[in-house]
Amino acid sequence: MTPPKCTICKAKKTYFPVQVVLPSYNLKLCREHFLEWLEGRVAHTIKKYRMFTCEDKILVAVSGGKDSLGLWFLLHRLGYEADGLYIDLGIPEYSAESREHAQTLANRLGRTLHVVDMREELAPIGEMRNWTRKPPCSVCGTVKRYYMNRIAREKGYTVLATGHNLDDETAVLWNNTLHWNMEYLAKQYPVLAAQGPFLKKVKPLCLVSEKESALYTIFNRISYVKPECPYSTHASSLENKRFLQQLEEARPGTKITFYTGFLKNLSPLLHEPLKSTGVSLALCKVCGEPTTTEICFLCQLKQKMGKI
Ligand code: Q46
Ligand code: ZN
Ligand code: ZN
C-alpha cells in the first residue's frame, strides 16, 4: 500500500512522509508543512485578535511544559521580542526539572528568563496549606497571577502571553457553560485588555490543540517537563478534558467548533453587558499591587508567616 502523501507536498509534486494526521481539518501533513501550518495559524490568531505587534515587548509565562515553551519558541520564530518568566513553586523534583527546561530554551533563544523563587518569596507551594485553607492550585493561581503581572509591569513589558491551548480553553468553556457562570463566560476571550495596573494578557495558542502543541514542541526538539504537576490530579479540569477528548474522537472538530462558535456567537453578546459587573479594585496597602481587599492575599500570607 502506498503511504499517504502530505496534503501540501502532494500538490507541489514533491514528497515527504506524512507524520501528522489532523482529522478536524481534513489534513495530512509532513513535519515541515505541519510546522509551517501551525506557525501560520498562530500568526493569524495573533493578528485576528490584535494580541500584539512587533513593537510590543512580550513576557511569556513559562511553566517548563510543552505549551508555554513551544509558544516562546514560536513567538521567537515569528520575529517577536519575547522573554520568559518562570515561577519556581518549590515542588520537589518537579520544579527543578521544569526550571531547567525553561533555562535551556532561554539559552537556545538567547533571551532572558526571569525567575521568581517561591521558597525565597514566601514558602514552597506545598507548605502554604499550613497557612491558608485554600487548596494548592487555588493558591498557586493567585501567586502566579500576582507575580506575572508585577514582574511584567516592573520590567517594562507591554503584554503577558500564556500557553493556554484549545483543550484548556474548551475545558473551561465547558465547565462555565455547565454551571452557566455568566460572569466567567463574559471574561473568557483570547485577549484581556490592559486595565489600570493590569497588563494586557493574551493566549496565542487558544486555537491549537494539546496534541498539535505537543508535536510542535517535539518536532522542534524542545525539551520539556513530562510528568504532570503532582497537584494536578485533583483538578476537575482534567475530567472535563477527558470528556471532551472522547467527543473529539467520536466527532473530529468538536472542540474547535465549540470554542470558535462561542467566540463568534455568544462572546460578543455577553462581553458588553457584563463588562462592568467586575468587582472594584484597589491597590494593596502593603505592596501596591491590585487587590479586591485592603491587603492583598499574598501580603496577608506574608504577615501570617511573619515575613513582613
Ligand atoms: S502548577 Fe499550580 Fe497547576 Fe500545579 S499547583 Fe495546581 S495550578 S496543578 S497549572
Ligand atoms: Zn509536506
Ligand atoms: Zn500586597
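Glycine residues also receive a Cβ, built from the backbone N, Cα and C atoms like all the rest.
TrEMBL names A61, V62, S63, D67, G163, D168 for binding ATP. Of I46, I87, the residue it gives for the same site is I87.
Checked against ligand 2, the binding-site residues C6, C9, C30, H33, D168, C287 give C6, C9, C30, H33 as the ones with a Cβ under 6 Å from it, listed in sequence order. Neighbour counts of Cβ atoms within 10 Å were taken for the binding-site residues C6, C9; the minimum is at C9. Per the record's binding annotation for ATP, residues A61, V62, S63, D67, I87, G163, D168 show a top Cα-Cα distance of 20 Å.
Checking the binding-site residues C6, V62, D67, I87, G163, C284 against ligand 3, the ones whose Cβ sits under 6 Å from it are C284. The two recorded residues, H33 (Zn(2+) 1 binding site) and D67 (ATP binding site), have Cα atoms 19 Å apart.
C287 (Zn(2+) 2 binding site) has a Cβ environment of 15 other Cβ atoms inside 10 Å.
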